[in-house]
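Visitor: One structure coming up, written as structure tokens, with questions to follow.
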Ligand code: GLV
Ligand code: MN
Ligand code: MN
């Protein structure tokens, strides 16, 4: 596998073309689930897969499965993949490298004359990003049976639109949600290529990371209802300002993360909307979404409870009504050591040093790990920057990742 014909220039061109499909002007990439940009991006990628002659299937929530049939189609397939949705104000590499890079890996394997024993399947997961419904990894959660259909049916976006309504508009309405969950043993392995989204590989000048564990994420949504009124007329002691309660909650999140006792606890209030949003009106409603993670569950869970207690205390003191929802409270994923070993071997064969690492970001791999042996291949990104328009990995770094992915897929698809 040393001399696979990986075309780094073609891949970079595709990454750039996909980045141009965005709701915001370059260099910003914004592709929210089932937005016009997301739908066009799906068409673009499916077009590339058709060029390569791969079979495409889609499920009711919009997960896309692209299959290179193996010699023994009855064997569980080897899967790879990632996402092409992007948070507001994102860059062009998060998720995309694992999708377009996988297509390039498959092309290179095909051109090299490799014939897989097991089928190789590329999955483009729906809504890895939580922007629209507040919950990340929507597609992979449903595939793994980690989100009930009842909970999925109850999801609403900020405009009150349901998943049902949106998937119908996106053209997935005729498909059955009950069939999204994968049958046991559908896949023999899952390997996701992704940018590191952290600084370690670049700092240590190591081209490849292999993931042994993915940190445990959780998300809270808090809706606050106070009393609005005229900014000039309502005197300060009379106020029940929803925005100020939210501000105190955001500070309580910071404190809970800082004082958790673990340097790995991170807390972020990344969504904070207020109504009515007029300078001369006391905010009557606020809407917060809080992201809290850790590599260890006990410290994450203790911080979560502390935040929930703070919400109650702050709202009581300020005379604010609140609704608090746990949108997701997930365990960490432990990756499969045999697969980690295959990635280490691939790096070795290609002369690329591989570092074992923890992923602090979450990925669809978090849920794939619940249904099959899973690991991830990381490549460096400049300054560790991600979820920003200036996110960057060089064509060479990406090509290295694709080479390791291709070589790992080849090993896994050959083994019976
Ligand atoms: C994934 O995008 C994450 O927020 O970790
Ligand atoms: Mn992301
Ligand atoms: Mn990602």
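Along the chain as shown, the residues are counted starting at 1.
Here the Cβ of each residue, glycine as well, is placed from N, Cα and C on the backbone.
Note that TrEMBL annotation is computational and uncurated.
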Visitor: According to TrEMBL, 94, 387 bind Zn(2+) 2; which one of 69, 121, 129 is listed for that same site?
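Guide: Between 69, 121, 129, TrEMBL records just one in the Zn(2+) 2 site with 94, 387, namely 129.
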Visitor: Using C-alpha positions only, work out which of the binding-site residues 83, 94, 194 is nearest to residue 387 (Zn(2+) 2 binding site).
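Guide: Closest recorded candidate to residue 387 (Zn(2+) 2 binding site) by Cα: 94.
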Visitor: For the binding-site residues listed here (94, 129), tell me which residue's CB has the most neighbouring CB atoms inside 10 Å.
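Guide: Output for this query is 94.
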Visitor: Quick check for the class: what is the C-alpha distance, in angstrom and rounded, between residue 94 (Zn(2+) 1 binding site) and residue 129 (Zn(2+) 2 binding site)?
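Guide: About 10 Å separate the Cα atoms of these two residues.
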Visitor: According to DSSP, which of helix, strand or coil covers residue 94 (Zn(2+) 1 binding site)?
Guide: coil
